[in-house]
């Protein structure tokens with residue numbers, strides 16, 4: 001396979017490398033308040049575009065079916081809001097005897113308590129071809145559930161989720177009713193559109209990361225915390241994969257994809273305001289914020305890199321299940 005053909009096939013991975021390099025060279029372009037105004041273009045326009053895109057591409061029956069998939073919702077919410085923070089707390093009891101900065105460890109604990117984001121898990125699920133409708137419900141519900149029970153103003157959370165998730169999704173569904181035949185005939189590249197939006201999110205996320213003011217943190221602690229975060233993400237993704245692919249789990253391969261991403265992703269948009277309120281007045285707030293600031297780009301980067309692998313598994317698994325369900329033709333003697 002030639003280089004150009006390889007790049008065309010793996011354009012998304014190449015795109016990730018390019019946007020990260022661009023963010024490193026000139027982070028001021030994509031930071032909050034910069035020329036791109038990500039606080040508007042990403043928080044509102046890009047997220048709204050994602051869910052309008054989902055409303056256009058998803059059949060109403062798929063959304064209804066996902067809403068009624070109570071077992072999947074319980075799995076994701078219990079893993080995210082109960083298992084995740086509990087497991088992190090137990091892990092930190094071991095790390096507390098190490099020389100790692102105690103405020104970084106407190107930051108890791110807060111990461112475990114954060115709600116899921118409303119965009120990255122949905123885009124990655126769509127990129128793989130998983131149960132996008134279930135990902136939409138769980139991402140929005142998890143953010144609303146934990147966000148509304150925290151110190152962050154309830155009205156602010158509700159209005160933002162309503163305007164950027166619910167309204168675009170409904171509008172997409174309404175538009176779909178009128179252009180349904182055209183959509184089925186032309187088959188627009190919804191997955192590619194969502195992937196391009198994700199590249200925008202990755203770019204602005206890394207702009208914020210690279211432009212972040214210098215924090216009084218030794219390189220050893222920083223390297224260790226990055227290693228721990230990637231290890232935690234990989235371990236939890238593997239755990240959700242194991243739990244959701246058991247023979248008696250009742251989940252399809254597409255469900256598993258949604259579960260993997262929705263159960264392990266954490267929100268920076270809700271997370272930072274929550275930290276600023278809960279730890280207001282703490283001189284070590286910047287250190288407490290470091291794990292979340294690392295976790296957010298790490299989850300997007302890791303998830304994006306794993307898209308081809310997870311997609312390959314899902315397709316092969318779906319084919320295998322289809323073959324096992326086909327009726328056996330009796331052999332004539």
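Using the three backbone atoms N, Cα and C, a Cβ is placed for every residue, glycine included.
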Same side of the membrane, residue 101 and residue 221, by Swiss-Prot annotation: yes
Touch test for the transmembrane segment (259-279) and the transmembrane segment (72-92), at least 3 Cβ pairs under 8 Å: yes
Most Cβ pairs under 8 Å with the transmembrane segment (190-210), selected from 11-31, 38-58, 104-124, 223-243, 287-307: 11-31
Contacting positions for the transmembrane segment (38-58) when only residues 6+ beyond its ends and CB under 8 Å are counted: 30-32, 118-119, 122-123, 126, 132-133, 136, 160, 163-165, 167-176, 183, 188, 190, 193-194, 197, 200-201, 204, 207-208, 269
Helix, strand and coil residues within the topological domain 'Cytoplasmic' (244-258) as assigned by DSSP: 7 helix, 0 strand, 8 coil
Summary of DSSP states over the topological domain 'Extracellular' (93-103), given as helix, strand and coil counts: 5 helix, 0 strand, 6 coil
Any contact, the transmembrane segment (223-243) to the transmembrane segment (72-92), with at least 3 Cβ pairs under 8 A: yes
Contacting positions for the topological domain 'Extracellular' (93-103) when only residues 6+ beyond its ends and CB under 8 Å are counted: 217-218, 221, 224-225, 228, 284, 287-288
